[in-house]
Every structure is written in structure tokens, then in C-alpha cells.
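Pulled from TrEMBL, these are the features on record:
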| type | residues | note |
| --- | --- | --- |
| REGION | 1-33 | region 'Disordered' |
| DOMAIN | 89-160 | domain 'Core Histone H2A/H2B/H3' |
| COMPBIAS | 228-239 | compositional bias 'Low complexity' |
| REGION | 228-256 | region 'Disordered' |
Amino acid sequence: MQNPYGVPAPPPGGIPAPKRYDGKDGVPLYDPTTQGHYGASAQIAASGNAPHAETFQGHFQNVSQGLTGTYRDILNTYWQNQITKLETEEHDYKLHQLPLARIKKVMKADPDVKMISAEAPILFAKGCDIFITELTMRAWIHAEENKRRTLQRSDIASALAKSDMFDFLIDIVPREDATPQHKRRPDFASAGAYAIPDASGTAGAGGVQPDAHMGAGGQAEFAGMDQAQHLQQTQYQQQMGAYPPPAQQTYGGQQMFDPNMAAYPQYAMGQMPQQAVSGASPDGSGAYH
């Protein structure tokens with residue numbers, strides 16, 4: 001049987017043969033139905049059944065690029081199971097996790113593509129499935145390193161930066177997205193660059209000085225008004241030869257009633273109560289003295 005990895009078979013005593021995680025011969029079962037691909041791969045890697053690091057050579061040498069330790073074993077386990085399934089198991093081409101119609105539509109976006117065979121969308125669907133799963137596992141590794149349970153854009157950017165296989169996505173997810181968004185703002189600075197405002201200085205500058213300025217301006221304004229009012233009173237005295245009328249009589253202006261209104265009976269009747277009051281005392285004995 002031809003070696004699935006495109007390299008000659010290792011000599012006896014060299015690299016061990018690839019494992020099949022089918023639950024037989026003491027090999028654990030790869031079951032992603034309950035824990036997902038990441039959980040199933042992590043469980044097998046923790047039990048010491050991860051494939052050897054040198055197993056992946058040739059076209060597969062970048063499988064775990066950028067990863068070390070346990071995380072490298074997790075991704076190697078996932079790829080080992082995927083390769084084994086693709087090369088040994090029978091596939092039902094009627095079951096797909098991605099819509100083939102959508103894949104065909106994307107493929108026909110190129111005007112040079114006239115016809116598409118039935119097998120082509122199936123291969124693309126499986127390839128997209130593996131690609132999405134691997135990228136999700138790499139992003140989840142970064143989220144676990146930062147003690148988080150939610151995948152973020154920065155996790156995907158960090159996963160892409162660890163392997164040059166994803167350089168074609170640099171226009172979609174730039175490398176700067178690996179930095180948290182609040183640290184990418186222009187106004188972000190280190191803790192030592194912040195200046196703590198002085199409460200006393202702020203109060204003195206914002207409270208006392210404006211009040212003092214307003215007080216001085218207000219006094220000057222009121223003084224100017226007093227001078228103008230005094231000047232008007234002086235001119236009035238010079239023209240009329242007498243003191244101005246009392247303050248309470250100035251609300252109506254200079255002249256509220258027409259003098260000619262005295263000839264009307266209504267105006268005379270309005271003055272009658274004043275004459276009666278001025279000619280009699282409260283006890284009815286006579287006029288005021």
C-alpha cells in the first residue's frame with residue numbers, strides 16, 4: 001500500500017505507522033459527537049496516543065506549524081484522524097455539512113468556468129469543512145491561553161499569524177487584529193503616561209477664579225447702571241425744575257391716561273369714592289383734621 005503522506009515508508013525501528021483511532025487494539029476512539037473535534041483530539045493527546053511529531057512530512061509538514069507541546073499534539077491528532085478517514089472509509093456523497101448549491105455559485109463566479117462536474121463541489125465542501133475546523137481549533141487554543149471561553153477576532157488573527165499557510169487571508173484579517181481593540185486606539189497609552197488631575201488646583205481654577213471674575217464684572221456693570229440712572233435723573237430735574245415722581249408711579253410710563261378723559265362721566269364716577277373718603281372720617285363725625 002502506498003504511503004498516504006507521499007514519502008517512502010520508514011525503516012524498521014524508525015517512525016511508527018500512523019494510528020487509526022477506531023477504538024480497536026488498545027487505540028482510543030475518536031468521537032467528536034459529544035466533545036467536538038477539539039475535545040476528542042485533546043482527550044486522545046492527553047492519554048499519550050497522539051501521533052509522533054515526525055509522522056507528518058512532505059506536504060503535511062506544516063500541519064502543526066507554530067504550535068508546541070500539548071497544542072501541537074492536539075492538532076496532529078485531528079489531522080491524523082482526518083487523513084485516515086479520507087483514505088480508508090467509505091463516504092456518503094449525499095450527506096454534506098455545507099450547501100453544494102452555494103459552492104457551485106461561488107465556483108461559477110469565474111466567467112471562464114462553463115461546466116462543473118458533480119464531484120468538484122463535494123471536494124470543495126470537504127476541504128472547507130476541514131479548513132474551518134482547523135482554523136477554529138487554532139483560534140480556540142489562543143482563547144484558552146488567555147483564559148477565555150469566547151472566540152474573538154483577535155483569536156483568529158493570532159491563529160493566522162502562527163502559520164504561513166494562512167497568509168492569503170491577511171487582507172481579510174490583518175495581523176494588527178491580533179492586538180485587542182482597546183489597545184489599537186490612538187489615544188491608548190501606558191499606565192505611567194496618564195496624569196492625575198489635582199483636585200485642589202481644579203477647584204481653584206474652575207471654581208474660585210470664575211466667581212471672582214464674575215463678581216468684578218458684575219460690580220462694574222451695576223456701577224455703570226447706577227451712573228446712567230443718576231445722569232437721567234439729573235437731566236430730568238434740569239428740564240422740569242422739580243424732582244422726578246416717586247418710583248412706584250413710574251410703571252406706566254410718562255403718561256398713562258389722557259387728560260381729556262376727565263370730561264367723561266365714567267372718569268368722574270371713578271373719582272367720586274376718593275372725594276367721599278377725603279371728606280368724611282371713619283366714625284361719620286365729619287371731615288379729617
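Every residue gets a Cβ built from N, Cα and C, even glycine.
Heads up, TrEMBL stuff is auto-annotated, nobody curated it.
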Taken over the domain 'Core Histone H2A/H2B/H3' (89-160), the model's mean pLDDT: 90
Residues of the domain 'Core Histone H2A/H2B/H3' (89-160) by DSSP state, where helix covers H, G and I: 43 helix, 0 strand, 29 coil
